[in-house]
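Step one of this worksheet: look at the structure below.
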Amino acid sequence: MPKNDIKVALIGNPNTGKTSLFNQLTGLNQKVGNYPGVTVDKKQGTSKLSTTQNAVITDLPGTYSINPTSLDESIVLKTLLKKDIKESPDVILVVADIENLKRNLLLFSQIKDLEIPTVLAINMVDQMTRKGISIDLSLLKKELNTEVVLISARKNQGIDDVKAAIIRCHVAAKASPLCGINSKIDPDYFHKLKEISPNYSLYELWLMVTQNNYPETITKEEKDKLLAFKKDVSKLKKYQHKETIYRYQEINKILKKTYIVDKSKATDLRSKLDKIFTHKIFGYAIFALILLVIFQSIFDWASVPMDFIDSTFAQISDFTKNNLQPGILTDLLTEGIIPGIGGVIIFIPQIAILFLFIAVLEETGYMSRVVFLMDKIMRRYGMNGKSVIPLISGTACAIPAIMATRTISSWKERLITILVVPFTTCSARLPVYAILISLIIPKTKIFGFLNLQGLVLLSLYALGFATAILAAYILHKTLKIESKSFFVIEMPNYKLPSIKNVGFDVLEKTKAFVFGAGKIILALSIILWFLASNGPESYKNAEKNVIENADNQTLSSEEIQQKVASAKLENSYIGIMGKSIEPAIKPLGYDWKIGIALITSFAAREVFVGTLATIYSVEADDENTTTIKQKMASEVNETGGKLFNFPVGMSLLVFYAFAMQCMATLAIVKRETKTWKWPLIQLFGMTGLAYVSSFIIYQILS
Amino acid sequence: MSTIASLHIGEIGYISEESLDFIPLKLLEMGCLPGAEVQLVQIAPLKDPLYICVNGSHLAIRKETAAQIIILKANS
C-alpha cells in the first residue's frame, strides 16, 4: 500500500449496516485475507477519498464493545491496541444505527477514549422521519467532539461526506477522550494507572489490565507494573461495571440535548413479523420450509448450469485433443488440466445458490430468529442457538462454517460445534452425491410432483444433520470441559436484503472457494494424470504384452486400443496404489478404480469425481464424446454386471456422508483448536464410522 | 421478588439497583442498566430463551440469566 494512504478501521455493532458502508466506499476494490496470525477473515478495500487521497479501509467484525467475550470481538481489541505502525489505523470510522444510537455510542465512547481520530457515521437516516426521530447534528458534533456524518449506506447517501470527514479528521490534531473514566470511578486508582506510562492513553492502559492483552511495544517494566493492577479481580469487575454505567450516563446527557424520538410514530412491523416467525408451530414450519426450498433449489436449479458445464468441458477436451499435435503436453492439457478446471467450475452454481440463500437470510434479520427458536433444542446437544448458523453454513463449506463458530463464547459449545460441522453435507459432497444418485436412483416422480432423486438427496442431508446432532450429544456427555455458557443475541429489525450486499457476499465467498479449493483440485488433477500415465517396468510393457496376446485372438483394432489403455492404467503408479488397498475396500463393494478415487479424495471430496473423470478419460477411446456420467454408467464389474449398481452406490453414498475427507477442513480445525488432537479425533472417528456403515450397508444390500 | 424471567409477555418492569452484581458485563453494555425499562416481548416455543426489549435494544437471553436480574414490576 502506498505510504500516504490513510489507514481506516471500520468498526460498529452488528446489524448497523457496516458492510453496506464498506461496499459503498470500496466497491469492487476489495480483497479478503487473514489477519496476521489468525484465520479470521480480514476484509480490506481501497477507497478514493479525493483526487489526491486514497484510503485503505479494513472492515472489522461487528462488536458491542471492546471488552471481548468471543474470538471475533477480540480481533477488534487486538487491532486497536496494536502499536505496530504498519497495522494500527490512522482514523477509526464508527458506524452507528440511528435507531439504536444510545447503545452504539457506548462503543464509540470507548474508542474515543483511546484518543485515536474518530469519525462517527450515523446510518439509516432515511428512516428517521418514519421512526419519528430528529437529531441536532451540529450540537451532537460539539458534544461528542468529533466528526459526525448522517448517511444511508443502502441508498448511497452521505458517502462523500464520510470521505471528506475522514480527510479532515486525519489532518486534525490529536484526538481527546470523550468520557475520561478516571474522575468518576476511583480517581486515585486511575491516577496511579496513568503514571505507569506516558506512551499510552489511560484507557489503553485500562484495557491492557482488564483484557490481559499487551501490545508488542510495551516494555517489560511497564508490563510488570500493569500486572500488579490485575491482582484484585473482583475490583476490576466492579470498576468495569461502574465504567459502563458511567458511560451510559454521559451518553444519556448528550442524547437528551440532541436526539428526540416520537414513539407514537414508530411502526410496529417487527412485532407482527416476530409473532409469525417465532410462533411455536409456524416458526418451525417456516424454517423447515425454507430449508426444503434451499435443498430443492440446489438440486433442481443448479443441475441445468452444471450439466451444461459438464458437457462443455467434455467438448473442449475433445476439441483440443483433435486439433492439437499429439504429444505429452496435449495429453496433460486434455486429460489433466481441462478436466481438472472443469471439476472446479462445476461447483460454482451450487455454491453460489447456497451462499445466496444464507446471505439473504442473514441480511433480512431472519437468522437471529432461527437462533432464538433453536437455542433450547441445541443446548440439549451441547451446542447453542448460534451453532445453527455454522451447521447451515456447513451445507456450503465446512471452512467458513468452522470460522463462524467464533461468535460462540463458551469453549465447550464452540468445540462441539467445530467437531460436528463436517457431518453436515457440504457442497463438495454434492457432485459425488449427484453423480451417484443419477446412476442408481430412477428419475421417477412421487405423488406426481416430488422428484425421487431430490428426495434421496434430501435424506442424505437429513442423515448428515442427524449424525451431527447425535455426535454432538455423545461429545456433550463425554467431554469433560468446564466452560461457562453465556448467551445473548440481538434481534435486529427486519430489513429487505440489499442486492449489492448479497451480491458482494456471494461473489466473494464463491471466489474464495474456487481459488482456495480450486488450487488443490487442479494440482491433484495434474498429479493424478501423471500417476495414471506413468508407471514401473510393467507399465511400459503393457502395450507390447497386450498386442502379443492379441495375436492369438481375433480382435478389432479398436478393441486392442481399449485393452492397451486399460492395461496401462492397471499398471500405472495409481493403479498399483488402488490395487494395494483393494483388499481393505472389497468388503465395501469397491474395486481398485474406486480405491484410487478414495485415496485422492482424502484431499477434498469433490476430487472423487475429478479422479474418475481422469481415470475414465485416460481409459476411454478417442472417438466417443461421452460425459463422465455415461462413462460411469457403462462400467462393468468382474461378473459383467454394472459396476455402479445399487449396493455399491448406496455404500459409496454412506461412505461420503460420514468420512472426513477434506484436508483444508482438518487444517482449519487445527488452527482453531490450536492442537492436532481434535482434527485427528475427527479424522479417525469419522472415517471409522464411514467404513463400518458402508460395510454394513453393502453386506445387507448385496 | 420478581425477575425478568417472571414477567408475562408484554409486561414491563424496571431493573433494580440490587441486581447490578448479577448482570453480566456484556448485558450491561447492551443496555441492561439498573433503572432501565424492560419489556418481555416473546418467549421461545420451548419456554427458553426470552426475547426482551430493554433500553431500545431487542435481545434474546437465556432464562437462567433472566432469572438473576431483579426487577420492579410497573404496576407495583
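Cβ atoms here come from the backbone N, Cα and C positions, even for glycine.
The following features are taken from TrEMBL:
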type	residues	note
BINDING	A:12-19, A:37-41, A:59-62, A:123-126	GTP binding site
BINDING	A:N23, A:T26, A:G27	Mg(2+) binding site
DOMAIN	A:5-172	domain 'FeoB-type G'
TRANSMEM	A:281-299	transmembrane segment
TRANSMEM	A:337-361	transmembrane segment
TRANSMEM	A:381-403	transmembrane segment
TRANSMEM	A:415-442	transmembrane segment
TRANSMEM	A:454-475	transmembrane segment
TRANSMEM	A:512-532	transmembrane segment
TRANSMEM	A:594-616	transmembrane segment
TRANSMEM	A:648-669	transmembrane segment
TRANSMEM	A:681-701	transmembrane segment
Neighbour tally for A:G27 (Mg(2+) binding site), based on other Cβ positions within 10 Å of its Cβ: 14
Recorded stretches the transmembrane segment (A:594-616) and the transmembrane segment (A:454-475) touching, at least 3 CB pairs under 8 Å: no
Candidates A:N23, A:T26, A:G27 (binding-site residues) - the one closest to A:M124 (GTP binding site) by CA: A:N23
Reduced DSSP assignment, A:K18 (GTP binding site): helix
The transmembrane segment (A:281-299) touching the transmembrane segment (A:681-701) per 3+ Cβ pairs under 8 Å rule: no
Seg_contact(the transmembrane segment (A:648-669), the transmembrane segment (A:454-475)) with at least 3 CB pairs under 8 angstroms, min sep 6: yes
Minimum Cα separation from A:P61 (GTP binding site), reported as the residue among binding-site residues A:N23, A:T26, A:G27 that achieves it: A:N23
Packing count at A:N15 (GTP binding site) (other Cβ atoms within 10 Å of its Cβ): 19
Site of maximum Cβ density within 10 Å, from binding-site residues A:G12, A:P61: A:G12
Separation of alpha carbons, A:N15 (GTP binding site) and A:G27 (Mg(2+) binding site) (Å): 20
Rounded to the nearest Å - Cα separation of A:K18 (GTP binding site) and A:T26 (Mg(2+) binding site): 12
Proximal but sequence-remote residues of the same chain as A:N23 (Mg(2+) binding site) (Cβ under 8 Å, at least 6 apart): A:Q30, A:A153, A:K500, A:N501, A:F504
Spatial separation of A:T26 (Mg(2+) binding site) from A:N15 (GTP binding site) - C-alpha basis, Å: 19
Packing count at A:K18 (GTP binding site) (other Cβ atoms within 10 Å of its Cβ): 25
Pairwise Cα distance for A:T26 (Mg(2+) binding site)/A:G12 (GTP binding site) [Å, integer]: 17
For the Mg(2+) site built from A:N23, A:T26, A:G27, further residues of that chain with CB within 8 A of the site's CB center: A:F22, A:Q24, A:L25, A:L28, A:N29, A:Q30, A:G45, A:S47, A:F504
Neighbour count (Cβ, 10 Å) for A:T26 (Mg(2+) binding site): 22
